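Shown next, in structure tokens, is the structure this report addresses.
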Amino acid sequence: MDGVHRTTRQTPTGLDDALIVVLIVALLGLGYALNAPLMLMDGDTGWHLATGRWIVAHGQVPTTDPFSFTARGRFWVAHEWLSDVAMFVAWRAGGWSGLIALTAAAFAALLVITGLHLRRWLGGPAILAALALLGMALGNTLIARPHVLALPLLAGWVVLLLRARAQDRAPSPGWAALMLVWANAHGSFLLGLVLAGAFALEALIDAPTRRRWLVVRRWAGFGLTSTGAALLTPSGIHGLFYPLYVSRLALLPYIQEWRPVDFAQPGPFELLLLTGLFVLLVRPTRVPPIRLLLLLGVLHLALQHMRQVTVFAILATLILAEPIGRAWTGATAARSRPVGRGDRAAIGVAIVIALGLAAARLAVPVERTDSEGVPTSAIAALPPALRTRAVFNEYSFGGALILAGIRPYIDGRSDMYGDDFSIDYFRIAAGDRRRWRAAERRWRFGWTILPPGNRIVTMLDADPRWRRAYADATAVVHVRRRSP
């Protein structure tokens, strides 16, 4: 062995400031999410839980509507079935606290994945600012629904593509397993395939002519494998077109989350945009053209539909980390600091704290109280005989009714009900008397459950055929009087 010189990589013994910032922010995010006021206030949570319950009970994914009385038996595939099952299992095991813990864990995982990527290009203060802006942009979306469970999958997928491009290679086809999970968890998986195509195009453009065929083969292998994984869902090939079908529905303007972003009042999204513009413009920052076009496209979607703000915030934070790091720190390569003994100890402490926070949440039972989309008290006050009669309900109340075993007129699965039925409902709810009378004759409603400010409530108060049976700040229940 004489003459052979060995070099050893020194393992740091101190703490990595950037890693500590990531861990602290993730713990703060976890703590906030475990107590987020909006977590259980979305009506759709109910039908997602009911779907998970149905799948567990029957051992299969429903292919027809098992819940409503207006669309019973109509074709409907629970495309987010994996998230629905995970939500139901957490709820059954830990009650509402268990469901909150699952959702909070997904949010914390998103912060960790994003923060670890930022750590490659930015210092502690910049990471803190970026994650704080991201957290604020996502704050209003922290509700117990499948899209939150899919956020770590989105972030992980983007990091995977960024790492592959940084190393001038395609991701291993084995990573298609991530797409398999994503495609069965949330409809946003289609964006993952689009992102893979965009990064493949960037790789092809940047490659020397002699290597382009190799680039095509490698990225095509990953792309085809990922697309194949995306087809392994109960919806099959139809699942690829489902997000496109939803995006073309005429009913979308009637649904809050599908409306354009409102800049009349300052909000987190505006702060994110203005801060981003300042950071990008105050120092010369070069963003690769394909990535810039990608961000502009997603920004267009975010301005058009407020539900896409979350996607834009995550993509922008991850994709702009390298250009901003190069512009502001002069870095020419990603920072690669091995995890030292002190870092491992900090990670261990963070895990213990996270488990402690989750245990504390589980130890204190949470009751789902009345909120704008959840008429808990009104449903609890319903007599058993009334629950089996046809109901005309508020759109956002449908999920809570389904979870309580009551068949609704309509619920958050508007894609299944379709444009004609859904738009007709929204016009009735806006006070269209002619449409109300037509629906009343067709469905023979026995009762209604609507918000106090709904125009149908005023109409029924003046109708001698109906009587007000229950009222609180969230819901009013009217019951049809029996004919003498």
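Backbone N, Cα and C atoms are what each Cβ position is placed from, and that goes for glycine too.
Note that TrEMBL annotation is computational and uncurated.
Since this is a predicted model, take the numbers as computed values, not measurements.
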From 290-311, 312-333, the residue range that TrEMBL assigns the feature transmembrane segment: 312-333
Interface-richest range of 20-40, 96-116, 219-243, 263-282, 345-364 toward the transmembrane segment (312-333), CB pairs under 8 Å: 263-282
Residues of the parent chain within Cβ reach of the transmembrane segment (122-143), under 8 Å, 6 or more residues beyond its termini: 17-18, 20-22, 25, 29, 32-33, 36, 38-42, 45, 103, 107, 110-111, 114-115, 151, 268-269, 271-272, 275, 307, 309-310, 313-314, 317, 321, 324-325, 328-329
For the transmembrane segment (345-364): best-contacting stretch of 96-116, 186-207, 219-243, 263-282, by Cβ pairs under 8 Å: 96-116
Same-chain residue ranges lying at least 6 outside the transmembrane segment (219-243) that approach it to Cβ under 8 Å: 61, 63, 77-79, 81, 170-173, 175-177, 179-180, 182-184, 187-190, 192-193, 196-197, 199-200, 203-204, 415
Same-chain residue ranges lying at least 6 outside the transmembrane segment (263-282) that approach it to Cβ under 8 Å: 129, 133-134, 136-137, 139-140, 302, 306, 309, 313, 316, 320, 323-324, 328
Long-range environment of the transmembrane segment (96-116) - Cβ separation under 8 angstroms, sequence gap at least 6: 19, 21-23, 25-27, 29-30, 33-34, 36, 39-40, 45, 49, 86-87, 90, 127, 130-131, 134-135, 138, 142-144, 148-149, 151-152, 155-156, 159, 314, 317-318, 354, 358, 361-362, 364-368
